[in-house]
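Quick look at what TrEMBL lists:
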type	residues	note
DOMAIN	3-137	domain 'Nucleoside diphosphate kinase-like'
BINDING	Lys11, Phe59, Arg87, Thr93, Arg104, Asn114	ATP binding site
ACT_SITE	His117	active site, pros-phosphohistidine intermediate
Amino acid sequence: MTTNRTFTMIKPDAVAEGNSGAIIQMIEEAGFRIVAVKKALLTKERAGQFYAVHSERPFYNDLCAYMSSGAIIPMILEKDNAVADFRKLIGATNPAQAEEGTIRKRFAKSIEANAIHGSDSDDNAKIEGDFFFAGIEQF
Ligand code: CMP
């Protein structure tokens, strides 16, 4: 179990607006090491698989449409206490509640187009990282 790894993806709004470089800089300056990274386009079906845990929520369909509307940048990151520290760095899901200095405070546009995802547990970090990078060499 990789307890010091987390998974993230920079979402379509942030990639389309050219904010991925600034976001990656914030991530690296906060002490995270990039283990794996790529640019990808999700189909609506694959976005639905990734967010299957939310399939009963009212925002699920819109979320899947949004997450397949443009390129994303998924990454596996490494740092001590990675999952909790990364969630602190990205800030609250709703940018209106995100603290100053967080990625979502700076770049998120709405609760849906909130710039970036971060895994909420070690188990989900592994599952979500494998969703994009299973079988791919990681450094
Ligand atoms: P994320 O952390 O990737 O996890 C689920 C995503 O659903 C969330 O970020 C938002 O992009 C999106 N979402 C849209 N509406 C809501 C909502 N009302 N509550 C939580 N998440 C939402």
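Even glycines carry a Cβ here, placed using N, Cα and C.
What you see is a predicted model, and the numbers here were worked out from it, not measured in a lab.
Structure with TrEMBL features highlighted.
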residue	record	DSSP (3 states)
Lys11	ATP binding site	coil
Phe59	ATP binding site	coil
Arg87	ATP binding site	helix
Thr93	ATP binding site	coil
Arg104	ATP binding site	helix
Asn114	ATP binding site	coil
Widest Cα pair spacing in Å over the listed ATP contacts Lys11, Phe59, Arg87, Thr93, Arg104, Asn114 is 21
Expected list for ligand 1 (Cβ under 6 angstroms, binding-site residues Lys11, Arg87, Thr93, Asn114) reads Thr93, Asn114
Lowest 10 Å Cβ neighbour count of the binding-site residues Thr93, Asn114 is held by Thr93
Between the C-alpha atoms of Arg87 (ATP binding site) and His117 (active site, pros-phosphohistidine intermediate), the distance in angstrom, to the nearest integer, is 9
Rounded Cα distance, in Å, between Phe59 (ATP binding site) and His117 (active site, pros-phosphohistidine intermediate) is 16
Listed in sequence order, the residues of the same chain lying six or more positions from His117 (active site, pros-phosphohistidine intermediate) whose CB sits under 8 Å from its CB are Phe7, Thr8, Met9, Lys11
In DSSP terms, the domain 'Nucleoside diphosphate kinase-like' (3-137) comprises 62 helix, 22 strand, 51 coil
